[in-house]
Amino acid sequence: MGYLLKLQSASTNTRASTTDSNIRFFAHPRKPNSTYLLNLPLSLSPKPFGSINFKSSPRVLYRFNLICRTGSFDGSNELNFESMSKSPENTGFDSQSNEGGAYNHFSSPSVKRPFRSAAWIGAATAASKFLGLLREILLAAVFGVGPVATAFKHASVLPCFYTSVLGGVNGPIHITMATTLSKLSDKSGRKLIQNTLYIVFLMGGILGALVFMLAESIIYVSAPGLWILTEGQITREIAISQCLIYLLMRGGNAISPDDALFGGLLVSAGASLGVFLQWLIQVIMHEKTRCCFFSISWMEVLKDKDVHKFFELMLPAILISGMAQIASFTDLYFASFIPGAAAGLSYAHLLAMAPLGVLSSTTVLPLIPTFSKLAKPSAWPMLMENLKQAILLCTVIVLPVTLTMCVLAEPVISVLFQRFTFGSAASALVSSLLICYSIGSPFYIVREMLVVVFYALGDGQKPFLSSVAAIIFNAFLDWLLVSRFYLGAQGLALSTSLATALSALLLLYLLSKKLNGFSNEIEFVAMVGHLLQLLACCIISGLSTKVSYKMLRHPLSSVTILRFWRLPEILSISMAASIGMCCFYLPLTLLHFPGMNLVKKLFKTLIN
């Protein structure tokens, strides 16, 4: 479980009832994309703790407040980025919250570009994804998609779910806590933090003990194919050993079972050691904050109404936000019958989710306070309009990236992974899986945005039920595509994308029905027209990317000065991707597509 750290509010606004004047944020030190990095120089280290000084925590909170307002909207029902970088009046604050001449953090003349803070989050997230990719490249080069890599994926699925999905930034604990704290006073918020820390730590200890004692049974239930396949028997022994060592922590093909077992133990031990050191640093950092703790008893914790509300919202949020990870349990169940499928799915999923993680940290996270502010029924029309524009902005950014990954999947995988043990067959497998995962990428970011809105409205039931339906649908598709259509690992990746799309569309329907989002046929027809325009631009961009890559590959390979490592291939991919991006955005600009105005405003605000 992620160890929650509190950045105390330094607001001096006179009205205690105003939620904007008392924002709290939880930074997860294991994640380089945490907001506390806004006060730090960006480093290539995945654990940049050396330069942290918690005496400057008010400044960190101040800069985070700026980010929280980057997605704020003015009265024109339009995402207004430029005005937010010019005047403090359009930062989304309630004008009444600063009556009486109280100091407003956002009126500081030294702050001219609040979006710079959001850019720091994106840069830090990109660095985090790069380091994770580097780790996977090393594992792929040494172990490929053999039994060691496959066993590591089976053994680490539960620890990854606990540490990254549940305890990470933008995870259910983080989002639920941020939403709950925005409605509480400072004293009640500190008490809620302390109570939840005790409960979460206790739950983590119990789960850890269960995993340690039931390691073999967990592997037997989650990966029954390892008891059937010849290669699976080797993988099974490695996975059980890794599950014991890798307790609640994240993290060429062997000649003999003994060598494979040693390699698996080495990988899991290294991952466990890294997570333990990160946890130790978090404890030290928490002590430096000198937070004021209350004297409590377990009976008081169990009777605390704020704790009840928090867990009532968090428990369904665990299933909602972790749907992709929970669906991976069913994927790995069927993948255990396919040699090398688990490792291939892991490599492809990492590449597909990397750009989405950057966009989610810079777009979804700052919008949490904004959506919470518009949660009142009187503000629902504005909330729906702002949500439509936010979804349109994310779609316009995600689609060309996803399309490029699909068209250039094979050369990208070849450049990144194909070396030593990772051969051409493994490269072909992972590239096909990447295409299947990329199909669901736009729906993933839309679903995250919709879930945040439901949290802000205090409605956790509808997202919970939609996630249950999507998980059941994913399990059914896994069985259908693997057992009946014999699509193998590609069927597993495709079922995950289709389940994500179903969840996003269902949530959009429920939310639009609740907020009366599409009140007439004109709005619905306009939305369909925008989708058709995006589809046409995707076709043009995809064809231009594919043709450009084929035309550039051979001429660049014939240049003698470029025959260094894989430089011709890298240049071909980069140039083809750039051409494809231009062919996507140019028609939208000529057609005066509404989303392009938002992209231009966002880009200008970031670079200025």
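Count begins at 1; order follows the chain as displayed.
Using the three backbone atoms N, Cα and C, a Cβ is placed for every residue, glycine included.
The transmembrane segment annotation in TrEMBL covers 197-221 (among others).
Per TrEMBL, transmembrane segment is recorded for 260-281 (among others).
The transmembrane segment feature in TrEMBL is assigned to 313-335 (among others).
Annotated transmembrane segment per TrEMBL: 347-369 (among others), in sequence order.
Per TrEMBL, transmembrane segment is recorded for 390-417 (among others).
Taken from TrEMBL, the feature transmembrane segment applies to 429-457 (among others). Sequence-remote contacts of a segment are chain residues at least 6 beyond its ends whose Cβ falls under 8 Å from one of its Cβ atoms, and for the transmembrane segment (429-457) they are 145, 170, 175-176, 179, 313, 317, 320-321, 324, 340, 344-345, 347-349, 351-353, 355-356, 359-360, 363-364, 367-368, 371-372, 374-375, 383, 387, 390-391, 394-395, 398-399, 401-402, 405-406, 409-410, 412-414, 417, 463, 489-490, 493-494, 496-501, 503-505, 507-508, 511, 514.
Non-local neighbours of the transmembrane segment (492-512) in the same chain are 323-324, 327-328, 331, 334-335, 341, 345, 348-349, 384, 387, 433, 436-441, 443-444, 446-447, 450-451, 453-454, 462-463, 466-467, 469-471, 473-474, 477-478, 480-482, 518; each lies 6+ residues outside the stretch with a CB under 8 Å from one of its CB atoms. According to TrEMBL, the feature transmembrane segment maps to 492-512 (among others).
Per TrEMBL, the feature transmembrane segment maps to 524-543 (among others). Beyond its flanks by at least six residues, the transmembrane segment (524-543) meets 392, 395-396, 399-400, 403-404, 406-407, 518, 580-581, 583-585, 587-588, 591, 593-595 of its own chain at Cβ-Cβ distances under 8 Å.
Here the transmembrane segment (570-593) has Cβ contacts under 8 Å with residues 396, 399-400, 403-404, 407-408, 411-412, 415, 530, 533-534, 536-538, 540-542, 544-546, 548-549, 552-553, 556, 562, 599 of the same chain, all six or more residues outside its ends. Taken from TrEMBL, the feature transmembrane segment covers 570-593 (among others).
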